[in-house]
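Some notes on the structure that comes next.
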């Protein structure tokens with residue numbers, strides 16, 4: 001079983017009746033073999049299901065409409081084994097509301113130089129059949145991924161999976177529900193936004209709830225459930241014995257167990273896969289959830305602090321896109337700088353950083369929370385795993401959305417941080433803090449982000465194209481002046497592309 005379970009990609013091959021039944025039978029057989037080969041690949045994370053050969057406008061429309069109505073089909077891979085006149089594809093592609101990838105390949109890798117004849121040439125026409133098909137996609141102004149190369153090549157299979165993972169993220173976005181407990185942090189701008197526009201653009205829903213609703217869910221948690229939860233904490237984390245012997249510390253840990261179980265029950269009942277809260281809206285709760293939120297993120301929930309529903313949604317989407325990967329994804333904030341050689345960013349938050357970003361065993365501690373509220377709260381302490389990562393910010397530009405991505409290199413802190421009672425990661429932005437921070441600020445990037453080592457820029461770009469959203473990248477080659485030009489050009493393009 002592939003990691004995405006019943007969710008699958010349909011493999012559809014284009015041809016026409018010009019070639020006769022013998023050729024079409026061979027086309028169908030080869031198509032089955034390619035779909036099976038991709039499914040069998042260790043590099044492809046979902047089942048690729050062959051849906052046969054389409055040879056007429058009606059067959060094409062039928063398969064596109066069938067894909068639209070199949071909830072387990074998250075996208076299509078389209079390939080022209082022979083020549084397939086592209087006017088036949090207009091109705092189907094116009095009706096298709098799921099993403100598709102154009103695989104420009106052919107069944108055999110090498111030409112049989114001594115045996116090649118016109119029968120071979122007529123059967124293996126993707127070199128020009130895919131160009132005909134590509135024209136109509138461009139003519140229809142459709143965003144799609146184009147992968148070129150032999151289907152058995154590892155690099156091709158990896159590109160296919162990049163798109164598959166983006167399609168899984170897009171499918172998740174279409175059904176995602178975000179629960180907001182309380183509202184945004186007062187007077188904060190970037191966490192605001194148009195939720196109706198977001199639902200139109202991304203598909204996900206955002207629903208607000210009073211703290212009383214969540215408090216009721218937490219009140220239903222029994223002492224037995226809390227005791228069982230504490231046993232899980234003992235298994236999963238390092239916890240000093242005095243946390244359990246000190247009455248106050250034990251109470252703080254029990255508070256987190258109650259909050260975790262209460263929030264999870266609430267989210268499960270409403271089919272919510274992401275949530276936000278705010279330290280300014282805690283009436284009826286024992287405190288700001290720390291360990292509770294960290295554990296929910298580690299289970300796959302998206303999270304955004306201070307009511308940041310855009311980051312919560314993207315956090316969940318990226319977690320789905322990176323399913324099965326060892327590297328993690330978390331809500332994050334650029335917290336403070338180390339100006340040195342090189343300049344570095346210490347990322348953290350009040351409490352809520354996901355332990356999936358660390359290879360070390362987290363430690364549970366009870367420490368004083370001094371921002372917004374003053375209360376002892378149990379939380380996990382750990383340091384992010386060194387290696388390449390991406391910080392992702394989704395912002396509302398007023399008339400549209402923008403995704404900003406900054407490549408960073410996470411490093412081991414040069415010294416221990418014994419007095420810092422929160423989880424953290426230390427990174428060096430590419431190309432430098434000076435350039436990256438300036439570009440981020442010019443682009444309007446938030447102080448919150450989704451920090452991930454689980455996806456790459458190609459996957460994120462594929463997702464942005466599926467969503468029809470601008471994406472700008474801050475990386476090794478970024479120049480601030482050129483980046484500002486890109487922002488200006490994009491502003492014109494996206495304004496005109498949506499019509500006057």
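The backbone N, Cα and C atoms fix where each Cβ goes, glycine too.
Annotation comment: Swiss-Prot describes 306, 333, 349, 448 as Mn(2+) binding site. According to DSSP, residue 349 (Mn(2+) binding site) is assigned to coil rather than to any helix or strand. Listed in sequence order, 305, 331, 332, 333, 335, 422 are the same-chain residues at least 6 apart in sequence whose CB falls under 8 Å from the CB of residue 349 (Mn(2+) binding site).
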Discussion item. Can you tell me how many other Cβ atoms are located within 10 Å of the Cβ belonging to residue 333 (Mn(2+) binding site)?
Written reply: 23
Worksheet entry | DSSP three-state assignment (helix, strand or coil) for residue 306 (Mn(2+) binding site) | coil
Worksheet item: Counting across all protein chains shown, how many other Cβ atoms sit within 10 Å of the Cβ of residue 448 (Mn(2+) binding site)?
Response: 26
